[in-house]
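Peer 1: Would you mind keeping the following structure in view while I ask a few things?
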């Protein structure tokens, strides 16, 4: 089903007009993006009340434990507006996951560099992977989604038909047993954690079908949530994944629920985020899938169109490696 943008949605309600005072009619105020306000409120809470902790990267964080946000995807797409989010990188990384790939060089070839720091020679050697080729991240997200339980060799090996294809199982269950409470996809595999350049931060997704409304919703559990850089990407990524699965199963997107464990702000992100907190959220854009796609593996970046995206400028934040 090809999604067509609609005008308004419950996540972007219009502010009430002021009472008539006999003067010229008041102009309607801009919509309020309540979903993004919840993200900003969580940032404020962490900066004001978070516990200062040292972490793996030695940068240090302000951290709280156990947070949740909810995004309504029925009439808009949750791409944050208080800073520009690089949607092409979000989409290309997700398509890389869906393809079961673990070679960061494939993303580099598309000018997407979000995995460069964790796949460099220096980083791999530091993590003890001295015999692993540059770019080979080990059995990370895509491998677990498509080949859970298979024996990992290198990023260049052919894993066709090996392991459990969790993504395919999710789609088949949505089609054939939509009320199942076990529509789950996990990237957390304790046997493979020691082989990964970086253990999965976003660990487990559960999908929920409302047959009454014909909607697909997703809840993500994320063990480690970098609110400045990672979380805006993760929101958009799992929202896009839900749209894609809904599209190939004949459903409409519903809610994306984002549940987080260690929810943190890196200390070197505090000042940039204070700048972001001074900005007023704008309405979320819409996502259009431009053609009918039958199989999840057939999506290409060119199939996605983001419309009416009017974000504030980019804010520079350094990635903690």
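Placed from the backbone N, Cα and C atoms, the Cβ positions cover glycine too.
Note that the structure is a prediction, hence the values are computed from the model and not measured.
Residues or ranges marked as region 'Disordered' in Swiss-Prot: 1-32. Marked as phosphoserine by Swiss-Prot on the basis of experimental evidence: 24, 26, 210. The feature phosphotyrosine is assigned by Swiss-Prot to 39, 208, with experimental evidence given as support. Among the features that Swiss-Prot reports, dUMP binding site is placed at 56, 181, 182, 223, 224, 225, 226, 234, 264, 265, 266, with the record citing similarity to another entry. Per Swiss-Prot, the feature active site, nucleophile maps to 201; the stated evidence is similarity to another entry. Positions annotated as (6R)-5,10-methylene-5,6,7,8-tetrahydrofolate binding site by Swiss-Prot, on the basis of similarity to another entry: 226, 320.
Burial and contacts for the listed features, if you can.
Peer 2: Taking a C-beta cut-off of under 8 angstroms and a sequence separation of 6 or more, residue 39 (phosphotyrosine) has the following same-chain neighbours: 69, 80, 227, 231, 232, 235. DSSP gives residue 39 (phosphotyrosine) a helix state.
DSSP classifies residue 56 (dUMP binding site) as coil under the three-state reduction.
Neighbours of residue 201 (active site, nucleophile), defined as other CB atoms within 10 A of its CB across all chains, total 18. Classification of residue 201 (active site, nucleophile) by DSSP places it in coil, neither helical nor stranded.
If you draw a 10 Å sphere around the CB of residue 208 (phosphotyrosine), it holds 18 other CB atoms from the protein chains shown.
Sequence-distant contacts of residue 210 (phosphoserine), defined by Cβ-Cβ distance under 8 angstroms and a gap of at least six in the same chain, are 216, 217, 254. Secondary structure at residue 210 (phosphoserine), as computed by DSSP, is strand.
For residue 320 ((6R)-5,10-methylene-5,6,7,8-tetrahydrofolate binding site), the number of other Cβ atoms no farther than 10 Å from its own Cβ, over all displayed protein chains, is 20. Classification of residue 320 ((6R)-5,10-methylene-5,6,7,8-tetrahydrofolate binding site) by DSSP places it in coil, neither helical nor stranded.
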Peer 1: Identify, in sequence order, the residues in the chain of residue 226 (dUMP binding site) that are 6 or more apart from it along the sequence and have a CB within less than 8 Å of its CB; answer 'none' if there are none.
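Peer 2: Once residues fewer than 6 apart are set aside, residue 226 (dUMP binding site) is near 201, 264, 266, 320.
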Peer 1: What binding-site residues among 56, 182, 224 are found with a C-alpha within 10 angstroms of that of residue 208 (phosphotyrosine)?
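Peer 2: Hits: 182.
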Peer 1: Validating a neighbour-count step here. Other CB atoms within 10 A of the CB of residue 264 (dUMP binding site): how many?
Peer 2: 27
Peer 1: Please list, in sequence order, the residues in the chain of residue 182 (dUMP binding site) that are at least six apart in sequence and whose C-beta is under 8 Å away from its C-beta.
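Peer 2: Non-local contacts for residue 182 (dUMP binding site): 173.
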